Structures are given as structure tokens and as C-alpha cells.
Amino acid sequence: MCKSPSTNPNWHTFLTRLPKCEHHVHLEGCLTPSLIFHLASKNNVRLPNPAENPAYASIDTLTHRYGHFTSLDDFLSFYFTGMAVLQHKSDFEELAWSYFQQAHKDGVHHAEVFFDPQVHRDRGVPYSDIVDGYVAGCRRAERAFGMTTRLIMCFLRHLPLESAEKLYATALEAGDLKPHSDSDDEESRPRIHGIGCSSSEIGPPKDMYAAIYASAASKGINRTAHAGEEGDASYVAAALEFGATRIDHGVRLAEDPELMAQIAQRGTLLTVCPVSNVQLKCFDSISDVPIRKFLDAGVRFSINSDDPAYFGAYVLDCYCAVQEAFGLSVEEWRVIAENGVNGSWVGEGRKRELLEGVDRLIEEFKGLL
Ligand code: ADE
Ligand code: ZN
């Protein structure tokens with residue numbers, strides 16, 4: 001994976017130091033093969049028998065297999081198998097902390113991270129261990145790095161609707177899922193800042209969470225949804241219809257110029273994951289991801305890693321890959337960075353700080369790129 005754009009070495013420094021907002025990364029997608037094997041051994045979790053699935057013979061064979069996903073569902077089978085090693089509150093905290101350390105190195109100043117409670121609960125892990133562990137990882141990163149963080153709880157479309165309904169009720173009862181708050185005060189802000197939905201796209205009804213999203217909207221809870229990744233632009237239209245205010249992926253929107261113009265006009269943020277799209281065979285190469293189309297159409301988007309441990313690319317690698325493929329100008333990076341800040345679920349004060357950081361860096365690099 002690209003570590004340094006070939007054109008001018010200053011680009012790599014610029015992209016590293018650019019204050020980044022990451023809005024689309026699954027914490028369970030940060031489980032590296034070595035952490036999977038380590039936690040499996042610590043927690044006595046049996047990984048699949050290598051005689052049946054040779055990918056699980058060793059860390060190396062698993063890493064190799066991750067380079068050959070054939071589709072979203074092929075990837076998801078490894079993703080859901082891997083996360084079975086997470087058993088204790090400390091495992092969730094360790095996983096989140098490992099992501100935030102890398103994100104800090106990559107110049108992430110604000111991170112909104114997904115997690116998938118349903119599958120952990122189905123394995124018998126108490127809800128509070130999952131959320132307490134992830135919240136502890138977030139707080140540790142905030143204290144250590146001065147970054148801001150947000151947790152987003154994802155509903156999984158391949159599981160029965162009742163399972164999502166139960167999770168939603170539990171999070172509300174626990175007082176974790178609360179209306180959007182601009183505050184970063186630990187006491188008053190929600191522990192979970194919003195809901196999302198992910199997993200298989202084609203198959204489940206497009207509007208399966210309409211009632212949950214309507215309820216969340218009525219309570220002022222933030223809402224995003226994976227849509228338009230493998231599914232066509234009608235999945236994006238459906239997600240907007242059922243009340244998502246942000247779209248995760250959304251790249252197939254480019255096939256529908258009319259909807260694309262509407263989304264540009266509304267200012268809806270797409271959380272684009274270019275390396276993920278190539279690894280999951282949504283596009284043949286990064287240059288086929290509609291980055292240029294979105295910029296030209298005024299569609300707001302951020303650049304994200306999705307499942308960095310599975311796709312071999314953390315967020316800085318994704319920024320570099322985009323620069324390699326599209327040769328963007330500094331002003332185009334300003335637009336991307338500013339749209340990312342403005343589409344973040346933080347208060348105006350934090351947005352101002354982040355925007356000032358972007359501006360300072362661009363001033364510093366003017367004339368060098
Ligand atoms: N869960 C983790 N990564 C995902 C992706 N790219 N699409 C849908 N669900 C996911
Ligand atoms: Zn995703």
C-alpha cells in the first residue's frame with residue numbers, strides 16, 4: 001500500500017500533518033491477525049480449524065488471505081469470525097487503544113468510530129463490558145493525544161430486526177444513547193453519539209431499520225447508514241428516506257447524477273473508503289472511485305479506512321492512495337478537510353479549532369507543493 005506519494009516528498013509530510021477527521025472505521029475492523037491470535041490464546045477461543053479453513057493456520061496465512069477478498073460478504077465472514085476473540089472489557093479497551101495510537105500517528109484529530117454490539121452480546125458478552133471497554137479506550141486517547149472521539153453503534157443487517165430493537169432499547173435504558181450534544185464534558189455528553197447500520201447490503205430490506213431511525217430522529221440522536229457500497233444509488237435514496245443524515249460509502253451515488261446533485265445541495269457528508277472499495281472489489285482501482293466526480297459536483301465527503309487491519313491501510317495510507325491516483329491540489333485538500341470537519345458530530349468550538357489547524361497547515365505548505 002502507498003506510503004508516500006511519488007510526486008513530491010512534501011506531499012507525504014503535508015498529508016501526514018493535515019488535521020484529519022476519520023468518520024468511518026469499525027473498531028472490530030482494527031483487529032489485526034496478530035491480535036486475533038493473541039486474544040484467542042489468552043481467552044481460550046477456538047479459531048476455525050486450519051484443516052477446514054487453511055487461512056487460520058498462522059498469522060501469515062491469515063494476513064495473506066486478507067489480500068484476496070472477493071466481495072463484501074467474503075470479507076464479512078472473516079470479520080465476524082475474527083471478532084469472536086473479544087471477550088472482556090479489557091479486550092475492547094485494548095482494541096480501541098490500538099486503533100487510536102495508529103490514528104494519532106496518522107494525524108487524526110477527531111475520530112468517530114463504529115462498533116458492533118449485537119454479535120458480542122450473542123456470544124454472551126454483557127452490553128456494559130462492550131461499551132465500558134470502548135469508552136475507556138476513547139477516554140484514554142482523548143487524554144493522551146488531545147483528540148476528540150465519538151462512538152457510533154451499528155445495527156447489523158444480516159441479523160434479525162428484533163436483535164437490533166433489543167440493542168436500541170438497552171442503549172436507551174442505559175442512558176448511553178442520548179440526543180446530539182455539542183459538549184465534550186464527560187458527565188453530560190452521550191457515551192454513544194449516534195447509530196449506524198452495516199453488514200451485508202444486498203438482500204435485507206433497504207428500509208429494515210426505518211422505525212428505529214424514526215424513533216432516533218424524534219429524540220435528536222445522530223444517524224448514519226452504510227449505503228451505496230455494493231448496492232446501487234437506490235440504496236442511498238432509501239437511507240436518506242428512512243432518516244440517515246450521513247451516508248457511509250455512498251460511492252454508487254455517482255451513477256445517479258440527479259440524486260448526486262440533491263445530496264450536494266443538502267450538504268450531506270459521504271464517508272468514502274477508497275482502499276476498502278478496491279479490496280472488496282467494488283472498483284478495480286482507486287482511480288475508479290468517484291473522488292473527482294464528487295469534487296466536481298460539490299458532494300461533501302471524507303476519506304476513511306473502514307477496516308484497516310483487514311485492508312492493510314490505515315487512514316493516512318488512504319489519503320496517500322487518493323493523492324497518488326488523483327494528484328489533487330492543495331485547495332482541493334482544503335475542501336476535503338474542511339468538509340470533514342463541518343460534517344463531524346462535534347460542537348462549533350471544536351470545529352473552529354480543527355478548521356484553524358487546517359488553515360495553518362495549508363498556509364505553511366503554500367509554495368512547497
Ligand atoms: N462492516 C465492516 N466493514 C463493513 C463494510 N465495508 N460494509 C458493510 N459492513 C461492514
Ligand atoms: Zn464500513
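Positions of Cβ are set from backbone N, Cα and C atoms, glycine also.
TrEMBL entries are annotated by machine, without manual review.
According to TrEMBL, the active site, proton donor annotation covers GLU229. DSSP classifies GLU229 (active site, proton donor) as coil under the three-state reduction. Counting every protein chain shown, the Cβ of GLU229 (active site, proton donor) has 23 other Cβ atoms within 10 Å.
The Zn(2+) binding site annotation in TrEMBL covers HIS24, HIS26, HIS226, ASP306. Around the Cβ of HIS226 (Zn(2+) binding site), a 10 Å sphere holds 28 further Cβ atoms from the protein chains shown.
Reduced to three states, the DSSP call for ASP307 (substrate binding site) is coil. What TrEMBL lists as substrate binding site is ASP307.
Positions annotated as domain 'Adenosine deaminase' by TrEMBL: 19-360.
The region 'Disordered' feature in TrEMBL is assigned to 177-198. A Cβ distance under 8 Å defines the sequence-distant neighbours of the region 'Disordered' (177-198), meaning residues of its chain 6+ beyond its ends; these are 26, 112, 114, 116, 131, 135, 139, 148, 150-157, 164, 168, 171, 208-209, 212-213, 216, 219-226, 248, 345-350.
In the three-state DSSP scheme, HIS249 (site 'Important for catalytic activity') falls into the strand class. The feature site 'Important for catalytic activity' is assigned by TrEMBL to HIS249.
Least crowded of the recorded positions (HIS24, HIS26, HIS249), judged by neighbouring Cβ atoms within 10 Å of its own Cβ: HIS26. Among the recorded positions GLU229, HIS249, ASP307, the ones whose Cα sits within 10 Å of the Cα of HIS24 (Zn(2+) binding site) are HIS249, ASP307. The Cβ centroid of HIS24, HIS26, HIS226, ASP306 marks the Zn(2+) site; residues of that chain outside this set whose Cβ lies within 8 Å of it are VAL25, GLY29, PHE114, SER198, ASP248, HIS249, THR271, CYS273, SER276, ASN304, ASP307, given in sequence order. Taken residue by residue, the region 'Disordered' (177-198) breaks down under DSSP into 0 helix, 7 strand, 15 coil.
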